[in-house]
Amino acid sequence: MKKFWYQKKPLWGVLILFILMYYSLITGHHNERDVIQLFGAGQWTLIILVTISSAFMSMEYRDNTIVTMLYKSSNRFNIYFSKIIVLVLYSVLLSFCGAMFTILEVAFSQQLLTVNVLRTLLFNVFGTFLYSIFIVTLSLLLISLVKIDAIVIVAGLMLGFLGATFSNILMSLFHNWSELIRWNPLNMIYIVNQLSDSKYFKYTSLTNVELVLGTVSYAMIFLIIGYWAFKKRRV
């Protein structure tokens, strides 16, 4: 964990999150929907996570610190899983910062934070957290396969900005196969919004429970394949 924070990039990630949320605040409509969506914190968190995750793992290989880890512990799964735990905890920190920024902004602007708005906001935070696990496991899988963090970052940005659009196109083009296609991994990005806004069901064709199960299942699949790639990778 110390080594993670020693990179300084995680601290920059938190600072960038605040800057982007503030930008969304001053350029948005400042309505209830903006508050529920944490002024875009969910989207910004995912982009930051992709960048930090790929940089974190690639640095281990670039600086040969992974060799030291393998010398101290021959159990590669423990090493790989510990990276995921650190990054998931970092995603919790980002989600907490996003929620606190939103609550403080509402308090200072003297808006009324109703129980319903707060409950919906928490659903949004939970959805972002689940998708963060999806993103972390996918990022480490990709960096273990392609070994170039820039490619992983670009892939992550495309997923964040275009993933939902591609999923909708697939479901429209292959309507007869929609029952199967709705489970495609690109569709899971909607968990960030759907838990707090049921209207997104028309895009996903998945219930909230199905969306949660799908996101967690893909995270497990990415974890298993990612560990396999990490185990086979030469240091």
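Just so it is clear, glycine is given a Cβ too, placed from its N, Cα and C backbone atoms.
Per TrEMBL, these features apply:
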TRANSMEM  12-29  transmembrane segment
TRANSMEM  35-59  transmembrane segment
TRANSMEM  80-101  transmembrane segment
TRANSMEM  121-143  transmembrane segment
TRANSMEM  150-174  transmembrane segment
TRANSMEM  211-230  transmembrane segment
Interface present between the transmembrane segment (12-29) and the transmembrane segment (211-230) (three or more C-beta pairs under 8 A) = no
Among 12-29, 80-101, 121-143, 150-174, stretch most in contact with the transmembrane segment (35-59) (C-beta, under 8 angstroms) = 121-143
Hey, which of 12-29, 80-101, 150-174 has the most Cβ-Cβ pairs under 8 Å against the transmembrane segment (121-143)?
-> 80-101
Six or more residues out from either end of the transmembrane segment (80-101), which same-chain residues have a Cβ under 8 Å from its Cβ atoms?
-> 1, 4, 10, 13-14, 17-18, 21, 38-39, 41-42, 44-45, 48-49, 52-53, 56-57, 60, 121-122, 125, 128-129, 132-133, 135-137, 139-140, 223, 226-227, 230-231
Is the transmembrane segment (150-174) packed against any residues at least 6 beyond its ends, judged by a Cβ distance under 8 Å, and which are they?
-> 43, 46-47, 50-51, 53-54, 135, 138-139, 142-143, 181-182, 184, 186-187, 189-190, 203, 205
